[in-house]
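One structure is given here, and the rest of the page talks about it.
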Amino acid sequence: MGDSTPLLPEINSAESEPPLLHKHVPSLDSTIERCIGDFGWAQFLQAFLVSFSWFFDAQQTFITVFTDAEPTWHCTQLDDPNNSCHSASNVCLLPQNSWAWDRPRHTSTISEWALQCSPSIVQGMPASAFFMGCLIGGLALATLADTSLGRKNMLFLTCLVMSLSTFLTAFSSNIWIYSILRFITGFGRATIGTSALVLSTELVGRRWRGQVGVIGYFCFTLGFLSLPAIAYTQRAHSWRTLYFCTSIPTFLYCIMVHFLVHESPRWLFLRGRKEEAIATLKHIAPINGTSTKTPLTSSFFSNLSFEQETRNVDLYSAIKVLVKSRWAFRRLSAVMAIGFGVGMVYYGMPLALGSLDFNLYLSVMFNGLSELPASLITLVFIAKMNRKTSLLVFTSLSGVFSIMSVLKGIHPIWTTIQIVFELVSFFSACSALNVLLIFTVELFPTCVRNSAVSMVRQAVVLGGVFSPMLAAAGRVNGGFLSYGVFGVVVGIFGLFVVCLQETRGRGICDTMDEEEYKQRDSYL
């Protein structure tokens, strides 16, 4: 058949259904599938608009690569034969009047606030503060999209906080205020990717979930690639210009989300807001009706009944449910461990690019471009890829090539191909992250899915918290404490994938009870 293999095939057999469900009572998944199984333009536009939030997410994640870069410098006393400037590599060991920055002081926070001789922990404080804000914000906001706020409102509010704090960052007067505002930006940014991924995949039928989920990765890559382009055109201007250029479009995007994006019909049904869910389904369903060609009228929904969640999943209780359930805790622990290892490489390598003997703008551009084939591979092969095997292969490759990047001093040829090793490792980490997030979506039921994905993303961010310190330490020891540690960590933590069950070709559940019934049946 010409149809591609569905990412999350429908549960058709009676044996797959929970004992409490009967054949004449449709499940929520199968009912919504009848409405939006076919893919229409309304669904595509909704999914693309939601996924575009990843564009601005990427900009704020990696913007400090340029705003906090240490500028190049030159000697000012060229005719003095006693001047030791020409043989020095550390400006902190030179008299203040013997050297000068190649560009105006305001082009970087390091030069504007004279941080070149400050400890590495101070220089890396803004980046670490951002990731710490992401971590705390993710933990504090993790369940709001599953409970009181919903996916759409969570996406809108987090983008709004990120845009406003980014705008205020441009007015920072010192490193401390700058770091505080970066923390707030990270706090607001924390759940953008999670809400966008879950909302976009819940607005389409199961056949298209994998493909739609990858749209966000493409948008993130585009946002990543936009940074070196913007930074290069503004290289002679203040670092504050980068924050202005990225905050204003983000604010305009927030307005579009508020007025144009619809809430997830799955979430609305589970929260008892049936009329709103029906209205959303009518709007996003293909014009020719449902996949069964039944018109989307009120009578179509009048006789439907859905299995309701028997657990009380209120604010913060989603995480409690995940921890208390043995199967959920085992899955959550494994995917979070993998996420930590992948996150250390994913966030750490771009931050450590300044230590390579390569043009910063080009190296960041190459890293951004390496995300494109990673997203393409996920998009094209996600329906055929075994999740467990893919994760194990990608994490192993990332670890091996990251460690090989440390070998640059053994032979001159390593210096030439070091950037190649770095790109292969980063590409593998990007691919692993793409598969991991989709894997997590498939592993958990609707009622706690957003919380589970958010927890995994926080594990990824936790790896990023340590990255700035390791990147700074790697500049003085040949890269072992950056690329070497990155490779060892991702390789070891990637092995946790063996604790998970394969989900390719497996239907998803909407409640914890339904998932437990399926688990029970699998052991019979």
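Using the three backbone atoms N, Cα and C, a Cβ is placed for every residue, glycine included.
According to TrEMBL, the features are:
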- 46-502: domain 'Major facilitator superfamily (MFS) profile' (DOMAIN)
- 124-142: transmembrane segment (TRANSMEM)
- 154-177: transmembrane segment (TRANSMEM)
- 183-200: transmembrane segment (TRANSMEM)
- 212-233: transmembrane segment (TRANSMEM)
- 239-261: transmembrane segment (TRANSMEM)
- 332-349: transmembrane segment (TRANSMEM)
- 361-382: transmembrane segment (TRANSMEM)
- 389-407: transmembrane segment (TRANSMEM)
- 419-444: transmembrane segment (TRANSMEM)
- 456-474: transmembrane segment (TRANSMEM)
- 480-500: transmembrane segment (TRANSMEM)
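Taking every listed stretch (124-142, 154-177, 183-200, 332-349, 419-444) in turn, the largest tally of C-beta pairs under 8 A with the transmembrane segment (239-261) is reached by 154-177. Within its own chain, the transmembrane segment (154-177) is flanked in space by residues 50, 53, 56-57, 60, 109, 113, 115, 122, 125-126, 141, 144-145, 184-185, 187-192, 195-196, 199, 240-241, 243-244, 246-248, 250-251, 253-254, 257-258, 261, which lie at least six positions past its ends and keep a Cβ under 8 Å from the stretch. When each of 124-142, 332-349, 389-407, 419-444, 456-474 is scored by its Cβ pairs under 8 Å to the transmembrane segment (480-500), the top-ranked stretch turns out to be 389-407. In the predicted structure, the domain 'Major facilitator superfamily (MFS) profile' (46-502) carries a mean pLDDT of 83.
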